[in-house]
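Here is what Swiss-Prot says about this protein:
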- R17: site 'Transition state stabilizer' (SITE)
- K24: site 'Transition state stabilizer' (SITE)
- R158: site 'Positions MEP for the nucleophilic attack' (SITE)
- K212: site 'Positions MEP for the nucleophilic attack' (SITE)
Amino acid sequence: MKRKNIALIPAAGIGARFGADKPKQYVEIGSKTVLEHTIGIFERHEAVDLTVVVVSPEDTFADKVQTAFPQVRVWKNGGQTRAETVRNGVAKLLETGLAAETDNILVHDAARCCLPSEALTRLIEQAGNAAEGGILAIPVADTLKCADGGNISATVERTSLWQAQTPQLFRAGLLHRALAAENLDGITDEASAVEKLGIRPLLVQGDARNLKLTQPQDAYIVRLLLDAV
């Protein structure tokens, strides 16, 4: 039986660092919100079977997304943290039968709206049949420094360092088990939760264009990337 690929987009955050008057996933770039650009990536990809967006129960912007993408599931069961939001989304996928434990869940940041389709294809092809799952990532290019107050305390050896991106692809059952802990402190992405089970996910070559909209100045770069598509 074919294993499904389900995109899960946690979009319950408020994006405080971005400094807008609304969550950054609802900031408009061009004629669409950031979240709409992100959803479109998965809806256009032939290997993705379903897209699910998990928002906050108090979300007042999601109706526009549902109108733009009536086939996408928009669930208002987000948690206080990203990990809780993903956990709630995966649990509902399993409870409703929309996902089997062996199906692939591709968790993707709502604010990464420039993911190239070829990077998504590469992740599915290389990690889609891997029991340990895998993530998009790129080797660290810059020299990294440790800080002590306002001074450099050490230079970090970067040879084996990779910068994690999304999507992060794992079987639904594995992801559900990895996020089942009552205390999810320190879990900043899905791979870190899976690693706590003693599993070593694959690193799949990502793409520098797959940046995360975090600071206000990032919007300029994102706009250029979207215009180039």
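Backbone N, Cα and C atoms are what each Cβ position is placed from, and that goes for glycine too.
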| remark: With the fewest other Cβ atoms within 10 Å, the residue among the recorded sites K24, R158, K212 is R158
| query | According to DSSP, does K24 (site 'Transition state stabilizer') fall in a helix, a strand, or coil? | reply | helix
| request: Looking only at C-alpha atoms, tell me how far K24 (site 'Transition state stabilizer') is from R158 (site 'Positions MEP for the nucleophilic attack'), rounded to the nearest Å. | output: 31
| For K212 (site 'Positions MEP for the nucleophilic attack'), the three-state class that DSSP assigns | coil
| query | What three-state class does DSSP give R158 (site 'Positions MEP for the nucleophilic attack')? | reply | coil
| field | Pairwise CA distance, R158 (site 'Positions MEP for the nucleophilic attack') versus K212 (site 'Positions MEP for the nucleophilic attack'), rounded so that it is a whole Å | value | 21
